Amino acid sequence: MSWKPQYGSSKFRHVYGKAASKDKCYDCVPITQSVQDNHFCAVNPNFIAVVTECVSGGGGAFFVIPIKQTGKLDPYYPKVSGHKGNVLDIKWNPFNDFVIASCSEDATVKIWDIPNHLLQENITTPKNTLLGHTRRVGLLEWHPTADNILFSSGYDYKIMIWNIGVKDAVLSKPVKILDVHKDVVLSMSFNRDGSLLATACRDKKIRVIDPRAGAVLQEGSYKCHKVNKVLFLGDMKKLFSTGTSMWNNRQIALWDQNDLSVPLLEEDVDTCSGLLFPIYDIDTHMLYVVGKGDGNIRYYEISPVKPYLKYLMEYHSPLPQKGIGMMPKRGLDVAACEIFRFYKLIPTKNLIEPISMIVPRRSESFQEDIYPLTAAAQPALTAQEWLVGINKEPCLVSLKPGSEAMSSLPQPPEPESLMETTDLSRQQGVRGKVLLVEEQEEPRDMEDRRKRLKVEERLPEDEQMCCSNGFDIFEGPPPRTENELLQMYYRQQEEIRRLRELVIQRDVQIKQLELEIRNLCMDIGNY
């Protein structure tokens, strides 16, 4: 079995889990007793939200606790309590740390604005209420790249797509309804750019769906694997699922997203009865399998080629977990080589225990090999762009302290280097030498050189890059408020995305011209 290791070389071979000390835990938190198979916890760099027991007056509620407010929780601490039934799922907006969505047994989805200060009283009025489901709503998922797009799944067997970027307080019509399931949806997962949705259903089938077209692209089930949770493995074009075998053993399986007839890998884990939550870290290609009802966290390394799954280690704890929360990468402690952080819900002790996954390193400098560019808190698309069919990879950010880059786009080069590059490119003999040098350079160096050329071709010699989406940043006074600063920043990000598309077009043109030049040189050489 995969959890009986075959050791191999890996920079994550010695990753270990470290539980926080008692003073850095969240104590006296009454955790929900619901039997729903959800995480019941959502975390971002500012807050931790956890579903709690129903309030005395009826209805469901959850706590929103500042991430640094550890220790014992005040028994009268304010709640977010606007639902009439038990809260079943909560999810933070990935692009706004102060917006959270919740769903409930009362068949509603609510969007909440959380103040950036300590709560003084209960929050009972949501920003938006989404009315569309006819039965209780059990799952929520935000789109990974498009702003304000939320997916909800209910016990009416429907998945609804909402655009919450509207001013209406009550939304009764989703932008799209996916009515392709014959039973309750147990799990939802997006691929890297959010163009595909994978679902696990109570009818024991896994489906890959085009959410905008509402079409099922792949559907499959396997008699020896009863699926409970399914997960896209980034851009590897593979799915990972957890479930049970014919003998009720806990089981994991790996699938090709283009062929769900037979799993690529299927293995029993143990004989425990609790659910397995799969969690994938696309940056390190590590897969965590968290057991509900036990205290173990198994972790593996995923490879695109056989044997696909390599066992690394297992974190053991005698305290069983009911749910789990995950800190986004931008909230990790890179100085301690922390590559992942869980927040473990322990209802028997009313405790939330942070668990850090750490790569042991002696150096105190930033470890670039374990911290590649990761998803930023900025959307790559607007809701309307995604709805009309546009797909984009997530905006990326570096975790290096002091880094100002908010995406994976290269920064514009200095004007002097642009002028030098242009002078060289205008000389035919030197241009030939540049082509020969590019053949010997590394691909990344070639790409940087070409992008400098493309930026210079687009800019006049006497013009500076001072416009952002048609807005001259030197035309008016500098921003005076945080909102004005954010508006200017978003405009600049939109302009950067537009320039990126132009750069890609120029890159294609340059490659075509280079090919034509080389063909002409070969023809001349033959004569």
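In case you wondered, yes, glycine gets a Cβ from its N, Cα and C as well.
Of the given residue ranges 402-424, 425-447, TrEMBL assigns the label region 'Disordered' to 402-424.
Over the repeat 'WD' (130-172), the average per-residue pLDDT in this prediction is 94.
Sequence-distant contacts of the repeat 'WD' (130-172) (same chain, at least 6 residues past either end, Cβ-Cβ under 8 Å): 36, 38, 85, 88-95, 101-111, 178-179, 181-190, 192-194, 197, 199, 211, 375, 379-383, 385-387, 391-395.
Through the fold, the repeat 'WD' (178-219) approaches residues 37, 138-139, 141, 143-146, 149, 151, 153, 155, 157-161, 226-232, 234-235, 239, 241, 243, 255, 257-260, 282, 386-387, 389, 391-394 of its own chain, all at least 6 residues removed from its boundaries and within a Cβ separation under 8 Å. When the domain 'DUF1899' (5-71) is classified with DSSP, helix, strand and coil residues number 3 helix, 23 strand, 41 coil. Using DSSP to sort the residues of the repeat 'WD' (130-172) gives these counts of helix, strand and coil: 0 helix, 22 strand, 21 coil.
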